[in-house]
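Asks: In case it helps, TrEMBL gives these features for our protein:
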ACT_SITE  B:Cys336  active site, phosphocysteine intermediate
BINDING   B:Asn273, B:Ile274, B:Cys336, B:Ser337, B:Asp338, B:Gly339, B:Trp340, B:Asp341, B:Arg342  substrate binding site
COILED    B:517-544  coiled coil
DOMAIN    B:124-500  domain 'Myotubularin phosphatase'
Amino acid sequence: MEFAELIKTPRADNVVLHCPFHLPVEGTLCLTGHHLIFSSRRQDNAEELWLLHSNIDSIEKRFVGSLGTIVIKCKDLRIIQLDIPGMEECLNIASSIEALSTLDSVTLMYPFFYRPMFEVLQDGWSSFLLEQEFELLSSVTNEWRLSCVNKEFSVCPSYPAVVIVPKCIDDDALRKVALFRHGGRFPVLSYYHKKNGMAMLRSSQPLTGTNGRRCKEDEKLINATLRSGRRGFVIDTRPLAVAQQARAKGGGFEQEVHYPQWRRIHKYIERFNILQESFIKLVEACNDQSHNMDRWLSKLEASNWLTHIKELLTAACLAAQCIDRESASVLVHGSEGTDSTLQVTSLAQIILDPRCRTIHGFQALIVREWLQAGHPFQQRCAQSAYSNSKQKWEAPVFLLFLECVWQIHRQFPCSFEFNEQFLITLFEHAYASQFGTFLGNNENERAKLKLPQKTMSLWSWVNRPEELSRFQNPLYEANSLVIWPSVAPQSLQLWEGVFLRWNRPSKFLEEAEAERIKIIKYNKELQAKVNVLRRQLAELEADGEVQEP
Amino acid sequence: MEHIRTTKVEQVKLLDRFSTSNKSLTGTLYLTATHLLFIDSSQRETWILHHHIAAVEKLPLTTSGCPLVIQCKNFRIVHFVVPRERDCHDIYNSLLQLSRTAKYEELYAFSYNPKQNESEQVKGWQLIDLAEEYKRMGVPNDYWQLSDANRDYKICETYPRELYVPRTASKPIIVGSSKFRSKGRFPVLSYYHKNKEAAICRCSQPLSGFSARCLEDEHMLQAISKANPSNRYMYVMDTRPKLNAMANRAAGKGYENEDNYSNIRFQFVGIENIHVMRSSLQKLLEVSGTRGLSVNDFLSGLENSGWLRHIKAVLDAAVFLAKAIAVESASVLVHCSDGWDRTSQVCSLGALLLDSYYRTIKGFMVLIEKDWISFGHKFSDRCCQLDGDPKEISPVFTQFLESVWNLTEQFPQAFEYNEAFLLQIHEHVHSCQFGNFLGNCQKEREELKLKEKTYSLWPFLLADQKKYQNPLYNPDFSPELTLLEPNTVSFNFKFWRNMYHQFDRSMHPRQSVFNLIMNTSEQNKQLEEDIKELETKIKRRNGQSDVVLEKEQEQTAHPAPVALKSPPCFQKEQPPLPVNDAVRTIEGSNTADNRYSELVSEFSKAEPAVVSLEYGVARMTC
């Protein structure tokens, strides 16, 4: 297919661009296969806009006389308005944008066309291999092994080719367990707590059905993670009633009789369309500046967004508490084990593992617990808060996770090597990107699309020194402790960096942030200078003493 | 002290108010003449000033003892469990007596002795000089003059002696106008904007009823508008909701009729009265004090309390006022009913938006002295300093501080002072430890001889100003007399956790960016000095042949200052705010110090933070 077929009017002059908190600018609008480009054609190119079509969530058009107006709502929640003279041009442009922003084939997406202007220092596609992770693990324990049972993605289509499982469980047993778990997602190691040797496993629901089917290998597998005489906890992210209903559809939960050493806790985490609706309501509330205080607060409440944040943080703290405080192993699952399960396991690691709070460690966490673990990014992030499509599979699961990280970050601002900007960047790229990292729903699909060969990895770009410095938290000081966030409603806040980002001028806040960074940097310079001077003085003094008879 | 029966009780438990696992500290409770003191087993002290106590409640006996809940005006709530009921009863009765004072002379300020000599005391009271402040604003001038009409408090008892009025307002006009205004509070100057030649004036409501008029009052307003050469109309802002103002007409009061006053633009701004504000805060505290609160209960409680709506209303009014002056160069007359609550809020916030001086530490003190203390905001009644009418209590001043805090959040570099400064002022408005806020008006303060018998708070705050400085402050942020324009869209207003939960440690971030920046910025100053010192030493070494002299200097050069040995960023041992014995004696009210020392341990990373999740493993449901 040629993109040109979709672009009837590639260019329009005298277009006026309205962005929030900027004066309207007049300029030229161009459409290319993947971008909407606006330029004021000023010498300094100060007023340029490059917008990925894939970043466009919805568009609206209206006319006053022959002047058409297109309102573009982006997946990163920004809203811009273009005034285009000429009805035909406007209609053409609107329909082109609509077509180009909803291409249904993955291979037509920009990452397949993007040619980076930078030199790749380290290929992000091979930066985070599970084998490396396993090597680290092997240095502290030999109770685990790397299994290639899923080499052809045949045992579990949504798992990566290699997984870490208890050493005493062979591949044949794994195949049997896979048949007993929804989507073949047998329990695998998610996190190993070095401090006390406890493990966090994740899986999908067991297929017990109404007649209480059991699987000896499954029981053996998860029992293998227990210390003798100790109990473990199964954290089921569904309420008991839902878990019970699931039996009628062939799903179910671990029954006490067959798992006597495990205690089951139901900690409900909302999913799918409920989350998506919550997201849409929150964004609506934030975008309406005319709300009086009561209306704003009731809209904020009605969105339920912060309730979801609190529930998720609480569940993650619970998992972390079981491991760190109760010295118990934990198995986390919901139904499919691709959404709320991953939210809980990854957040628990943020709380427990200082490595996950470094830039590199956080990337590794996202690769391991989200990309390799088979969170269906392409489905979940197909549309954002402005979409009208209301597809069941769209849900801001990953955004919710990022916001929880942000909430913990706010409570421990010195314990994270990365800054808020890094989280926002990940949010943006999960929804629209020039990189292939978040394309596809699992490793199997990514392999079929040959993403590592055909597209650039986000990590290749992020980890370049120039970029990395933008994402560094100047306050960071390694903190090896477990960090327990407060989940009281008074301690939680709206993530203004995402939800109010385009709704209020942020100049003063940015300047203040720059000043903070300046103070920290200046401190480091002064420290260095003092050290140099002190050494100089010491040398001079030493010389003096030598000269002295 | 005749009220104290039991001075010491051992084995008392202090419960954490938000923990569901009934975590508690055991220690000893002491009752002194001025404070209630709890020392836990790890020797941590909790001081509660008797004057800070708003309510004491004895709960029904439990198996572990007799619970005693103390609510303080600074939003501290402590929950003790006393083993024996008799001890609990004694303490309860003593606290009831001690926290209710009948006479001013029994307040802490009259016994508090900060070890200052008399001349220091006098100098302390002279630190803030309002005559100086009016001069700074640019009055007296061609249009405004000092009036001696109220020199003996004859015209208005609740106004200060020295008042500035338009030159054209003669004494008969002043007297006539004052008779037409509630409590005699006639229109006077509150702030003069010298660039715009426009004024903020304040007064109380006119006694207009349904049709009464007063020519002198009309002349008075005309004089004010004529005192502004750049604009012929002036605004009259009635800060009340229109309905309230109309209801007042039936009682012979009311608001200005635009037909009777030439060139006025009349405007209601709808701030609720003290009773609404009191119950609003009550509701807010009920919600925020709930254990195991859900997000939605919190948000709907916040909404139902109306608290943030009121804060927004106050700030919106201030923005309206400031814009009238800065944009239209129009003078504004502000009033409410009596002109000492909402009027004080709006006038002071308006001036704060207009004039960057009030965003400095000293300037903020001046602003409070001027618009709150001198113009007779009834601190004694509003803060319940003496046992009195509970219907007079209202958090009007707290709202003012909260509005300022909201501004500091939006403009992090515009203010010389920080949040701790606002909290400390709030603390002392209620502590009755210093004389500044005692009584309801200047006349009463003079009668109490406060300047001889008590001390002023301001010099103590100023001496400690390091603690209250905003490290991000940029004096050039807004050039003199440029308007600060806050965004008052609802989502900008947040619940002020550091005020209402200032003593609930588990709710706060475990690491404070603010303290870190503050320390670093302090350290930078020290490092700059060290560099200078080192450089001179090196220079001297290089250029000097006299070895003997060198030897001497070497001795002074070592050991290196301690600060240099510490890591550049966050330090565990070093308190975020300097707390030492000097501070303790100066502050006297140890509650404040305690707050910082509590935060110190909280922010230090060495201590694994306390989990404040509202579940325990014991409560897991299967």
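Each residue, glycine too, has its Cβ placed from N, Cα and C.
If you look at the structure here, what lies around each of the features I listed?
Replies: Residues within less than 8 Å, Cβ to Cβ, of B:Cys336 (active site, phosphocysteine intermediate) and separated from it by at least 6 positions along the same chain comprise B:Ser204, B:Gln205, B:Asp238, B:Thr239, B:Arg240, B:Ile271, B:Arg342, B:Thr343. According to DSSP, B:Cys336 (active site, phosphocysteine intermediate) sits in a coil region rather than a helix or strand.
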Asks: Determine which residues of this chain, when B:Asn273, B:Ile274, B:Cys336, B:Ser337, B:Asp338, B:Gly339, B:Trp340, B:Asp341, B:Arg342 are set aside, have a Cβ within 8 Å of the centroid of the substrate site's Cβ atoms, and list them as they appear in the sequence.
Replies: B:Ser204, B:Thr239, B:Arg240, B:Thr343, B:Val396
Asks: What is the total of other Cβ atoms whose distance to the Cβ of B:Asn273 (substrate binding site) is within 10 Å?
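Replies: By my count, 16.
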Asks: I want to check the contact list for B:Trp340 (substrate binding site): same chain, sequence separation of six or more, C-beta distance under 8 angstroms. What comes out?
Replies: B:Thr158, B:Arg185, B:Ser204, B:Phe375, B:Gly376, B:His377, B:Lys378
Asks: How would DSSP class B:Arg342 (substrate binding site) in three states?
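Replies: Note: B:Arg342 (substrate binding site) is helical by DSSP.
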Asks: Does DSSP give B:Asn273 (substrate binding site) helix, strand or coil?
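Replies: The residue in question, B:Asn273 (substrate binding site), is coil (DSSP, three-state).
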Asks: My understanding is the cutoff is Cβ-Cβ under 8 Å with a sequence separation of 6 or more in the same chain; which residues meet that for B:Asp338 (substrate binding site)?
Replies: B:Ser182, B:Lys183, B:Arg185, B:Ser204, B:Gln205
Asks: Give, as a single whole number between 0 and 100, the mean pLDDT over the coiled coil (B:517-544).
Replies: 91
